[in-house]
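Since the structure comes first, as structure tokens, the remarks are kept for the end.
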Amino acid sequence: MQNTKQKSVEAKSNQDTYLKLIFAVVVFVILEIFLPAPGQIKLTFATIGMGTVLWVSRPVPLSMTSIFVIMVLVVTRAAPLNVSLSGFATGSLFLVLSGFMMARGVNSTNLGRRMAFTILARFGSSPGMALWGLFLTMEILAFAVPATAVRTLLLLPVVMILIESVDNTEGVSNTKKLFLFGLCFGVNITGAGVLPGALANVMTAELVGNLTGQTFGYYRWLFAALPISLLLIPMTWFILMKVFPSEVKTFDTNIFKKYLEDLGPVDWREKRCVGILILTVMLWMLEPFHGWHPAVPAILATLLMAFPGIGFADWEDLLRINWGTIVLLGTSLSLGTVLNQTGGAAFIADLISNVGWLRLIFATPLLAVAVVVIFTQLYHLAVGHVSTVVATLIPVVVQVAVNLGEDPVLYGFLVGLSALFGFLLVIETIPNIIVYNSGYLHPLDWLKPGILISLAVVLAIVVVAWLWWPVIGLL
């Protein structure tokens, strides 16, 4: 009986998978037949449309869809092989690859947990102070651990200890929601301010550089985005504290002190890890002097972490990373290049640029900033995955800006920055998915704080664009 039931479930699952695959093919055929564009551009958009359906519906793993998209681009001759694979030969891909390996090395030590418990033992006497402590930990880690997903996985056990220390018999308490949302929202917000801090940042810098010929380096990103990140931290803290008022007033900080004691004294592996991370951050900050791509210090860090006599980690262990994400990133970057080289981005941009009221919007820079941010947020809701948003939207927006005589770097940067702030749906960011899988939250829990923080994002970006970006020459 159990085998029959299991087979029935598997059959239904397979049926759903094939229906999604068939729908994706139908989208490809419809776009190929009815899109009023030249042949190569039609094939490009048909492939991207089919790939987007598969990325959103997920009948197969994201990385499998990525490989499939590359194959279709080549087989249909929408783009040659070297262009279809161009994203895999970029500094951004190796920055993310090295970042994952660095994070693997950090996770092999007690460094991240020690930092979190130290801050919570000092500041975690109340829910509000503990949330500040969590944000502070994430801000520090954002400068040294370049991956939002890895920072989430690093801090999730600490957050679970924090919320489980509260004697609350209810299945899902406001206290749990407060800190779980603090983690998944805070990781993206703190990561937005540093170029290596998030995958979307790296992709944006690479695409904007390729499309405009202007480098968006470590300091340029830091000066433009960090003020937004720092402004959003107190805004997010306030919103979460109001939406999820904690049932408890105080925490017993002795719990965090005990966990800190259990870790023992700082060992030689942690000391070497700190030294390598400090060296890496210093090299990133010295970019104006040596001119290296941010990937170079990250690659050096991974080598030092496993180098005999110097490092503290095993090279084979560092290689145990999520290669599916690397494949997804490479494909996303390739799509940006394909859209540009086939003329697809210019085709869509020409259609959009002819809309009369669009010129009126861009005539008022702050209004244009707000519209681009809001449109990116809405597009993110429809597409789902941040990499797809960045890869497909930046080339179009950059070309629209060129057509309208506006700064393409500014608006390309705006799209990438806004895409990182996915707060309404679980599937919008990997930290959201990781926290959701903890089992304490329902997808509807995202709506109220997500709407409020999304509005805060628009406000924060407009305020910084008004008061600060003219000072640094970005607006």
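Even glycines carry a Cβ here, placed using N, Cα and C.
All TrEMBL annotations are machine predictions without curation.
What TrEMBL lists as transmembrane segment is 18-39, 60-79, 85-103, 141-166, 178-198, 218-240, 295-313, 325-349, 355-375, 382-402, 408-430, 451-469 (among others).
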Verify whether three or more Cβ pairs under 8 angstroms connect the transmembrane segment (178-198) with the transmembrane segment (408-430), leaving out any pair fewer than 6 apart in sequence.
yes
Are there 3 or more C-beta pairs under 8 Å linking the transmembrane segment (18-39) with the transmembrane segment (355-375), counting only pairs at least 6 apart in sequence?
no
Counting CB pairs under 8 Å, which listed stretch among 178-198, 325-349, 382-402, 451-469 touches the transmembrane segment (60-79) the most?
325-349
Looking only at the recorded stretches 18-39, 85-103, 178-198, 218-240, 451-469, which one has the largest tally of CB-CB distances under 8 Å to the transmembrane segment (325-349)?
85-103
